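Student: Sequence annotations record features per position, and here TrEMBL assigns domain 'Peptidase M12A' to 15-209, 422-615, 744-938. TrEMBL lists Glu106, Glu513, Glu835 with the feature active site.
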Amino acid sequence: MTNNFSINYYERPKRGIIANRNFLWREREIPFYVHPRIDVNFVKVALTRISKESCLIFRHKMHYNESLFSFLPGKYYETELGRRREIPHKIFMPVSRIDIGKIIREALRALGLDYEHNRRERNLYITIYFRNIKSRFKKYFTQYYERFTQTFDTVYDYRSVMHFQKDEYAKRRYLRTIRSVDTYIESSMGKSQYPSFFDMKLINKKYCSFPMIQHPQCAFKGYQHPRTPHICKCLPFTFGNQCENLLHQLQHCSGEQFFVATNIPSHTTIRVGGKCIFVIGAERGKKIELKLKFISPGYQRYKECNERNSVEVKTHSIIAVSGFLFCPNGKGVHFISPNNVVILVSYFSPPTNFQLNISIQKKVMEMVILIKMKIIFKKVKHKLYFCLMLNGIYSKELKDFNLNIVLTTNQPFINYYERQKKGILVTRQNLWSEKEIPYFVHHKIDLTFVKMAFERISAETCLIFRRQLHYNESLFVFLPGRYYETNLGKRREIPHKIFMPISRIEIGKIMREVLRALGLDYEHNRLDRSFYIRINFRNIKARFVKYFTRENACFTKTYGSSYDYRSIMHFSNNEYAKRFRKTIRPRDPSIESLMGKSQYPTFYDMKLINKKYCSFPMIQHPHCLFNGYQHPRMPHTCKCLPFLSGNQCETLIHNPQHCNPGNFYFAGRMERQSILRVGGKYRECNERNSVEVKTSNDLAVSGFLFCPNGKQVELTSPYDAVTLVTYFIQPNHSFIKYYERQKRGILINRNFLWSEKEIPYFVHPTIDSTFVKVALARISSETCLIFRFKKHYNESLFSFFPGRYYETNLGKGKEIPHKIFMPISGIDIGKIVREALRALGLDYEHNRYDRDNYIRIFYRNVNSAFFKYFTKNYARFTLTYDTTYNYRSIMHFSADEYAKKRYRKTIHSLDPLIESSMGKSQYPSFYDTRLVNKKYCSFPMIQHPQCLFNGYQHPRIPHTCKCLSFTSGNQCENIIHQHQHCSANNFFFVTRIPRRDTVRVGGKCVFFLRASAGKKISLKLKYHVPNIRRYTECNERNSVEVKTASDVAVGGFLFCPIGKGFHFISPDNVVTIVSNFFPHSNFQLNLTYVEW
């Protein structure tokens, strides 16, 4: 333990709300009484402003003894801090010249919020003149309670409603009792009429916190919402579940929100007549010199300056901290910010036509030295360039000159340009402003290759490429040429020409030139290339020497990326050679054969593009590990290396079944051998059929490829770590094992699937169309498919006809409309759903290739006309998308389906608990709809977060996850909040000691029972149920589903309130109980459980 522990302990909880629970109120609904001499309307307004921002409710009472707070007449605004013994709690206030802000201040003090100027670190912000304070009120300026209060990570706020004015409680008028270190804010202290964001954060943290309800990580100092606890409470100018977005400007505000301060002064006029926000930023380590002046009509000048008729100027680095108020009083203001950012927020109500003049200039904080410098260049073997950047102007002239050089201690002038080596152009004029780029392809060039190249770029960025049929409508034009060539970045000539051969096309080189057209320079043109490669200029064709020079090095940024031999922007070792000679020789010989052979852009290639084209600086995202960066399509998360996952790229991916489960191997002095499962033999060595061996200490840098060609490689790593990454598209299994994985599911062949997402259907007049409509609505509600009822047979794709059984063919056939047969009486909606899904291409569940592990088919009991529905003919032509066998799938037959004689079994389940529930489902299961959505409602170009609990991309909101019914969240990471008809406790831990619990299961509830690993659970279930509520039929809406599989997405057996109990032993160490009673009831379930 460190020596300064006790000091730091009290240093952290500085000002705020009392930590001791005895001084806080237990009630969330607080009755209050107002003395008849006081105007009750002022008190109501003050308490309403508190109630609006918290979960507290204040009720006005007519009698003193019925209240907890009582407002009584007094000369000053006074009360005790927090709850005391005397009830009601007395709050004194004047009866005339009432200040609503001070009523709020004292009400918050009564709730336990201490005065702002009593924080322990106040000496850094204010000075207290005790000699000017009336002796009776000195107690309100002392720090008695600073060690008993908590601040919950809030910062000192001059404009807190809890802060005194500069002359509060002074002995004589105009004597200062408080002096602010920040002179601009002093006039605004103690004038607030509304509680600040941090004031309400402190109250809500103590009174309105719900620690058991999970909520997302909140940006911009947000916190759990006091009334909607699963989202964040945000600053008034931010919104979103995580407070990640700035509000959209209203019509009374200027459209542009962001301004950059440079060394050159700029003057701007903005509209601030509504609820607006503007951000002015400078380089890190700089300050901003700012002049503000209103352009306002004379009649709009206000006598009083408050939050509703002013612009708030925030100069603190934390935007939740209040700033000073600048009102339209005819005067201007001129100041230098303490940080590199200033935020202007206006709240004019009602909206006005105010305009604000802004004069911005970056204030240079480093030492400026005037020197005379003479630069002498000697002509060496190759042409040498030197580049200087002065106030944004680039110079390559060789001459004597006088200049101002800015010297900084942490970033020397030379090192600044040493870092800017290769990458994407700095100057915005050479970058494209469009995010959607139309392109034209010459008729001699195969369009397919160009499309594939664009798809690979678009998949990793926010850029969209659209093909145009006319040359003049495009920005990029692909023309025939002998070589792959284009200019770097945007030029004057539009459209931008990209030349490429018409035969022996390489997709990698098409991508290389497209990225060059976007502003990404060749990798070997980095300023630091001499450390990695040598250029043999004598071997290069004279025409192409320009592609090997570093003339653009000064104008590019690398964003911290390292030299990457396998970048798609790197030339091969003989590119543009005179006679098959080497033009580039790497210092690492193991990588030489792979240079210029990449068919996919590397992680660093896409990072450079995304940093310039797909960056959202105002949307906060977590700190990304392992060189991750802000995601181009989901900017509140990180874009990670392909073998990492998580919001911060903090987790290694789980090795799939074709890889060894162990990720880490430690090298010692003893030689060791390990066998890893990775792949087979291939003719060509590329990213999709090899092992990438990364020897750099930077995981984002590509390594060399080691292919299964029968040879071995031996190397000594330059660092203390080697990373092996595989990307095999198809594992090298035998033919039988390959099809063993593709067991049951939806047809692979696209010819058997429907191309339409809107399917018209016809119902024969003898069939009640209502049942069909309900069945198709259940499919439509879980997918992106839409079904339209048609009155004519010829207008439909599906047609429902009368028949003895529920039957149809699997998938799309030659005959259109597709016929589905069904009985006209005794209709089962679940079987209509089953046959509709079969028509869409979903095979029966019991036809999976692995069914023998779960069921037995008694062919002797099956009606011979229906043998075809029990065979595994389609096993090798279907995909399961990693789903598990599900007895309660709607595609599963019942135990006696199509039997020769009644009550004879055609299917026997190896799990006796589930047999009675087979074929009884009335709704498609989670895995049923997953299979349909994977084929019909998949959006591979729209990225979505990694989904937990077997979730997948949502069919209607594709940037989020489709979750199990008892999970929620963008990643399905949260368990649903229990309904009021459910017991609050979700989790029960099973031990060797038998336990008994009673839980309420009358709504949509979920409960988890877990035992130690390797153990089982012995569980007894029995209902407490009124006789009148016993159901004749057991289905999903009047039962509890008991899931015994380790995969929670797999259905379990149904346990209904029929008066009997049930006892079983689970196959695994977990049991999940899910109830969906509708309408809600008062059912209770007895659980008796013990570890087995």
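Any Cβ shown, glycine's included, is placed from N, Cα and C.
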Student: What whole-number Å value do you get for the CA-CA distance of Glu513 (active site) and Glu835 (active site)?
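Tutor: So the Cα of Glu835 (active site) lies 51 Å away from that of Glu513 (active site).
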Student: Same-chain residues six or more away whose CB lies under 8 A from the CB of Glu835 (active site)?
Tutor: Tyr806, Glu807, Thr808, Ile820, Phe821, Met822
Student: State the count of C-beta atoms found within 10 angstroms of the C-beta of Glu513 (active site), not counting that atom itself.
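Tutor: Excluding its own Cβ, Glu513 (active site) sees 21 Cβ atoms within 10 Å.
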Student: Note the mean pLDDT of the domain 'Peptidase M12A' (15-209), expressed as a whole number.
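Tutor: Looking only at the domain 'Peptidase M12A' (15-209), pLDDT averages out to 88.
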Student: Kindly assign Glu513 (active site) to one of the three DSSP-derived states: helix, strand or coil.
Tutor: helix
Student: According to DSSP, which kind of secondary structure is Glu106 (active site) found in, if we only use helix, strand and coil?
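Tutor: The residue in question, Glu106 (active site), is helix (DSSP, three-state).
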Student: Report, as a single number, how many Cβ atoms besides its own are within 10 Å of the Cβ of Glu106 (active site).
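Tutor: A 10 Å sphere around the Cβ of Glu106 (active site) contains 21 other Cβ atoms.
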